[in-house]
């Protein structure tokens, strides 16, 4: 019941066989899971699984009844499920443990949407989001990134709905128990070892278009054609990544565009990347997000951080590979420009946490810390910064990509710690050990983030306002305009007169690109432009991507005159939010449990 569960319980999961019956009336999953478990010690006769808010109905071991009990409930880890086998097995032997259960209506991994909350307004919708530790609210399991296994699943849904998972599709049939339902089957057979990580198990209901020889895009039918157009470069990105780090081993690479409440830009579920619909507004970040999620097929899914303290191994390498894909498809200048924007994101995270907060360490201590609370750009951008620094020391991008590819091949199909990564780095660059020894590893890994480069002030003087021209921004790409607004956000708040002049000349309110709109609205609220407050709150609630929602709520909350309005809008919108988003925004706005209903 912790990050080293396989050691504590003396066993490790090798395979899951899942049966889900999705009940849209009760908003629960009636489930059965068969875990193929290998003993790591002799005379093995008991194991502990992670659960959270599950109703356990029965447990069997190799078909025989097994005693089970639930331990004390932890605030965010849930409740340990202790199962006693009716026999003993020896080290290396397998047992099939079968658990029948139901999820809770408050399962943190699941978001059930009513027809009114979808684009089509006709059918309900379900999606799951299991990272970092929410799979236990959907399946009793060893819910740790150190435990990797294959799985097979069958999902029963009403006949007018479709189910997809983070696995290869394996056919469908009428549900023999109910002629009004269909069973969809899925298999995730990758590798001879045990994967994918449990946290990547995902379910969703939706329709699709082919976008490449091994890719489809899935979404509500209202968005599917636009999504197919926007993601048309997917195969080119996959081939570029393969040229850099080796074959794509997962077979299918599909993209699912989720409803607006999805809390992240993307999520790297094997075979099925989840993507936010904010990418369909012509964002500059679309190619970045898809390149990032494609990169996770190697760094994150194929090689995985062993515990969440080492999350930077997933995200830092993925950002590095994502930007190398951009370098190959566009230019080195593009990579450099993207990295500058990453420094701004890093600075935002440091400002939010506080410069001396240990959560800004690259390898933080997460003892008694909810991993959701630690989520920020630090593992992404500080991780990338370390790798970029090492790239410069070791001889440039081509030389360092050789290490990245070798690291992936060395640790493929397994989970890894920072110490193991570092040891391999020293082994690979054995002729440059003296240079590596000069790196201040303790400062990089175990101290708060170092100060990013400073940028020259951009603020105009009052007498310069007449020189603002529409052509100032018309010549900028969306990425350049995003970066320009980011730079302004890192200066002192602009005078209200400047912001109003920018709107008058540049008409930034008319931009629908989410990245631009997000930064512009933050700039307006920070300059105390009252007219921008309703628009900022509207953007914070009409989509649920935490990158946008949390900072917008915080900006309005910090505008003291509208602090109560920020809380009021949050409470009114909370029920439609994803549980992770709702809980974190509540903390941002200092809304106590007594004021909330669905954290």
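Even glycines carry a Cβ here, placed using N, Cα and C.
Nobody curates TrEMBL annotations by hand; they come from automatic prediction.
Copied over from TrEMBL, here are the features:
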BINDING   129, 130, 131, 263, 264, 265, 266, 267, 268, 545, 546, 547  peptide binding site
BINDING   292, 296, 315  Zn(2+) binding site
ACT_SITE  293  active site, proton acceptor
ACT_SITE  380  active site, proton donor
DOMAIN    459-589  domain 'Peptidase M1 leukotriene A4 hydrolase/aminopeptidase C-terminal'
Cα-to-Cα gap, residue 131 (peptide binding site) vs residue 315 (Zn(2+) binding site), nearest whole Å: 13
Helix-strand-coil residue split for the domain 'Peptidase M1 leukotriene A4 hydrolase/aminopeptidase C-terminal' (459-589), DSSP-based: 100 helix, 0 strand, 31 coil
Rounded to the nearest Å - Cα separation of residue 380 (active site, proton donor) and residue 315 (Zn(2+) binding site): 5
129, 264, 268, 546 screened against residue 296 (Zn(2+) binding site), Cα within 10 Å - retained binding-site residues: 268
Cα proximity to residue 293 (active site, proton acceptor), best match among binding-site residues 129, 266, 315: 266
PLDDT averaged over every residue in the domain 'Peptidase M1 leukotriene A4 hydrolase/aminopeptidase C-terminal' (459-589): 87
Residue 546 (peptide binding site): tally of other CB atoms within 10 A of its CB: 20
Recorded peptide site residues 129, 130, 131, 263, 264, 265, 266, 267, 268, 545, 546, 547, farthest C-alpha pair in Å: 18
Cβ-based neighbourhood (8 Å from the centroid) of the Zn(2+) site, residues 292, 296, 315 excluded: 266, 268, 293, 295, 299, 300, 314, 318, 319, 322, 380
Residue 315 (Zn(2+) binding site), number of other Cβ atoms within 10 Å: 25
